[in-house]
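If you check TrEMBL, you get these features:
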COMPBIAS  569-583  compositional bias 'Basic and acidic residues'
DOMAIN    125-234  domain 'Ig-like'
DOMAIN    245-328  domain 'Ig-like'
DOMAIN    347-409  domain 'Ig-like'
DOMAIN    416-501  domain 'Ig-like'
REGION    562-583  region 'Disordered'
TRANSMEM  528-550  transmembrane segment
Amino acid sequence: MESKGASSCRLLFCLLISATVLRPGLGWYTVNSAYGDTIIMPCRLDVPQNLMFGKWKYEKPDGSPVFIAFRSSTKKSVQYDDVPEYKDRLSLSENYTLSISNARISDEKRFVCMLVTEDNVFEAPTVVKVFKQPSKPEIVSKALFLETEQLKKLGDCVSEDSYPDGNITWYRNGKVLHPLEGAVVIIFKKEMDPVTQLYTMTSTLEYKTTKADIQMPFTCSVTYYGPSGQKTVHSEQAVFDIYYPTEQVTIQVLPPKTAIKEGDNVTLKCLGNGNPPPEEFLFYLPGQPEGIRSSNTYTLTDVRRNATGDYKCSLIDKKSMIASTAITVHYLDLSLNPSGEVTRQIGDALPVSCTISASRNATVVWMKDNIRLRSSPSFSSLHYQDAGNYVCETALQEVEGLKKRESLTLIVEGKPQIKMTKKTDPSGLSKTIICHVEGFPKPAIQWTITGSGSVINQTEESPYINGRYYSKIIISPEENVTLTCTAENQLERTVNSLNVSAISIPEHDEADEISDENREKVNDQAKLIVGIVVGLLLAALVAGVVYWLYMKKSKTASKHVNKDLGNMEENKKLEENNHKTEA
């Protein structure tokens, strides 16, 4: 006969075996866990009073159970079954809550909490779902460039380590790209790692680009499901270099100047608006039908005025696509006649001309000894003061740096001319003798006393200005003497003499030579006097006319008065005659 303990043991075994068919009225319960986190599954059963022990199991795909944890209600001991994939990962609490650390994709199972009494087994199933957030999507294998009107692979959008698998979406400038025949092709594939059971998603985009895609950002995103629902992660932007053919050619002149002058270096630069831009062009020079093959620049050195004209450039393989620009090389010529050092005699006529030839109107300035003249010089009769350094300078105001100048160094030569004057001092004790000399080169003056031939060295000289200066001596002769002034330069030697009476003999003084400066002052004074005299004469003339008109009117009035007086006299005489006749 069997014992009571043996009978109970057989009953528990039968109950556990048949527990899969003994289910209370609890519904399905799902626990969501992130990959790598700890899965916590509460038992969800009320612990009965007569509980013997609790157990956890999971079900294989074929429905067979695998027990993984056991806890006795009396001994409070916990035992974990030898299941390799859960070794050191399980924890069963006193309230029979099961925890599984380091959640894996393989943990997605149906787990069952079992509470066993002597006469019954209670079960509460829990479904575990594990989620793994994918990596941030990245655009790889990007095209180095895209060409317009050509369907070409743009790149691959890759997102790794996802569970479950997600979906990839492409965007252009923030707008979703949908497949379009011949323009947008999207190829999606996913791969699962057999060890980790994680997915890698790859989406390849083939795209036909246009010029509107220049600088447009392309992105992609991955949409996946996590413990809290659906989420989306976006990639970084990718901008692609868009290649397109040249549609227009332009030509530039470097360096950019408002005007080009002779002697400048000019660089022509040809540009195409394609990408990449053309590297070679044909340059056409004025009068040359054949183009010169060059890079995108062609340099003209030391340009001359004959370089003025139209310059063109075109594509090598498409000569009809051409651009042109007009270049004007500004020039300025100056011819001064005569120029350099010119020597003329005093009194000569010297015509001077400064001829300008320029690409546009030029300004002309005359300078004499660094002083600006009001007008161009003209010499009908040269004077010593006309000598100097003349400069004719011209410039084009609109053309920077285009200036020309020529100089004329005029030398006015003349033989020495002498005039001697004498003047007695008001005290009567001395006489001043002056020898006025003009000539160029500067004549040397020498005084001598005629007869004795002795040379007078104690003299006083004025500055040499405009070919003139004087030498002065002061003497007190006790007898009549003759003084000789000699002036000599490279052209001639001139001599003049003056008789001077003894200091005791009074004589007529001769006026001093008027200097150029004083002569100008005298001329100005003379002009003033003449102006005053002319003004007085005009005033007198006006007064005379007024007086004449007045007198004319007065005489007419006198005649009328006299006529009236005569008539009165005649009437008086007639009356007297009548009285006599009556008597």
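The backbone N, Cα and C atoms fix where each Cβ goes, and this holds for glycine too.
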What average pLDDT does the predicted model assign to the domain 'Ig-like' (245-328)? 92
Stretch among 125-234, 245-328, 347-409 sharing the most Cβ pairs under 8 Å with the domain 'Ig-like' (416-501): 347-409
For the domain 'Ig-like' (245-328), give the DSSP counts of helix residues, strand residues and coil residues. 3 helix, 40 strand, 41 coil
Composition by DSSP (helix, strand, coil) of residues within the domain 'Ig-like' (347-409): 3 helix, 31 strand, 29 coil
